[in-house]
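A.B. asks: As annotated in Swiss-Prot:
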ACT_SITE  SER152  active site, nucleophile
BINDING   ARG221, ASP349  substrate binding site
ACT_SITE  ASP315  active site
ACT_SITE  HIS348  active site
DOMAIN    375-434  domain 'CBS 1'
DOMAIN    436-489  domain 'CBS 2'
Amino acid sequence: MKYKSIGNVETKYYQIPEELVLESGKKISDVTLAYETYGTLNWDKSNAILVCHALTGDAHAAGWHEGDRKPGWWDIIIGPGKALDTRKYFIICSNVIGGCKGSTGPSSINPDTGESYGLDFPVVTIKDMVNAQKKLIDYLGISKLLAVIGGSMGGLQVLQWSVSYPDMVKKAIPIATAGYSTPQQIAFNEVGRIAIVSDPNWNSGNYYGEKEPTHGLALARMIGHITYLSDDSMHQKFGRRLQDKNEYEFDFSREFEVESYLHYQGLTFTERFDANSYLYLTKAIDYFDLTENNSLAEGLKNVEAKFLVISFTSDWLYPPYQLREIVMALSANNADVTYREIESNYGHDSFLLESGQLNYVLNNFLSHTYVSDIMIEDIATIKEGISIDEAARVMFEKEITHLPLVSSDSKLVGLVTSWDISKSIALKSDNLEEIMTKNVVTARPDEPIEKAAEKMESKDISALPVIDKDRRVIGMVTSEDISRLIEEF
């Protein structure tokens, strides 16, 4: 099936009003974030999904810019009818700080000097990127994200979001990524950086307005691009075919198709990316490590999100064992986690190319709504011993029709409704326990919303207190919430 694109889009810009304090302790002012949004934010701002880009990505994740020859880098996933359906969700994607596609980075103008930062730009980390994104999300007035999703370096950001802001992320989807950078990953990044700094035109990062280190950056891209492919995909794409010739030349010219391909990838990359940004972003990847006391489980102990962790069989840059390690760490903390290992020959680039399988897996996870996704968390309750008059006053002031009665340790004892209050007046009763419901029908936060709806329909009730495993009241879900969900999605 062919799906529509979202059409033409524009990049927006947000300037953080205060200084951004970095993990290194340094501060940077006048930070700008380039971002794009797709879809419509609903009235209670509960349908927002943050998409985090990979090393060489940007804010342009979907749709078309005027004059573009191709759409945004994840157009296969974002748009009407796709997993990130813009008819349902409000999608946000921003360029990371340290980047070169509109957000503040080493190629930006340093307000103190009036010239490009170059290496005066402070080193940033994945945590710094996420903290900057948090400023943007606050600016958009969003208190909780329905999901945060990203592949590769984007997956690192997803994991950092779940650790730094656990109460802001309902669903986390890290793809083709890791809980920490391995020595092999760091080694590949270092070779790329050496290629750049060895270019005479790099000039210690002060090349803006001069000849740029295109040779070094192209070589770094060629090295990196090899790690994004797989042996199978290279066999299928190139084999041992020669480029525009039938016999060996017995010299050192480019003879094989794969050689021409890599040179083309390197050359075109230099036209859209900044060499210093490549240094900064790969360094941020190297520093990424969520373990505490050499334990990833310890580092992920405070996460609250539901997780979908996705790997690809042929990915040797972020191999499946690293994604399974994330799953095991989450499971050790009793986190709600689903793991999917997708069969693919595309290597690490699978997350950008596997449209069919990835859309299917993502759609199944995102469209499965649980009670915790729509329940009202900050609800009023009353304690045992309260009078009917006091209960009625709470209902009136809070403009609610259902009021859970709880014990001193917040465990559910009963439920008082506005109907019960009316009944007490008719019966001239002043004993709350006589008129309240004692055998309360409840919901659990991890229940599918369909099950909660069935309970309401079968019992002819309009609200369910949500309780945890110890019967403590943690929220309320109403028929109105469910009806609104159906209307929106």
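Just so it is clear, glycine is given a Cβ too, placed from its N, Cα and C backbone atoms.
Note that the structure is a prediction, hence the values are computed from the model and not measured.
Where in this structure would I find these features, and how exposed are they?
C.D. replies: In the three-state DSSP assignment, the secondary structure recorded for SER152 (active site, nucleophile) is coil.
There are 23 other CB atoms within 10 A of the CB of ARG221 (substrate binding site), with all protein chains counted. Under the three-state DSSP scheme, ARG221 (substrate binding site) falls in the helix class.
Taking Cβ-Cβ distances under 8 Å and a sequence gap of 6 or more within the same chain, the neighbours of ASP315 (active site) are ALA176, SER230, GLY347, HIS348, SER350. Under the DSSP three-state reduction, ASP315 (active site) is assigned to coil, being neither helix nor strand.
Using a 10 Å radius centred on the Cβ of HIS348 (active site) and all shown protein chains, the other Cβ atoms total 24.
Regional average pLDDT for the domain 'CBS 1' (375-434) in the model is 86.
Look at the domain 'CBS 2' (436-489): DSSP puts its residues at 21 helix, 15 strand, 18 coil.
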A.B. asks: With DSSP helix as H/G/I and strand as E/B, how many residues of the domain 'CBS 1' (375-434) fall in helix, strand and coil?
C.D. replies: 24 helix, 15 strand, 21 coil
A.B. asks: Please report the distance from the Cα of ASP349 (substrate binding site) to the Cα of SER152 (active site, nucleophile), rounded to the nearest angstrom.
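C.D. replies: Computed Cα spacing between ASP349 (substrate binding site) and SER152 (active site, nucleophile) is 9 Å.
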A.B. asks: Hey, how far is ARG221 (substrate binding site) from SER152 (active site, nucleophile), Cα to Cα, in Å?
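C.D. replies: Computed Cα spacing between ARG221 (substrate binding site) and SER152 (active site, nucleophile) is 16 Å.
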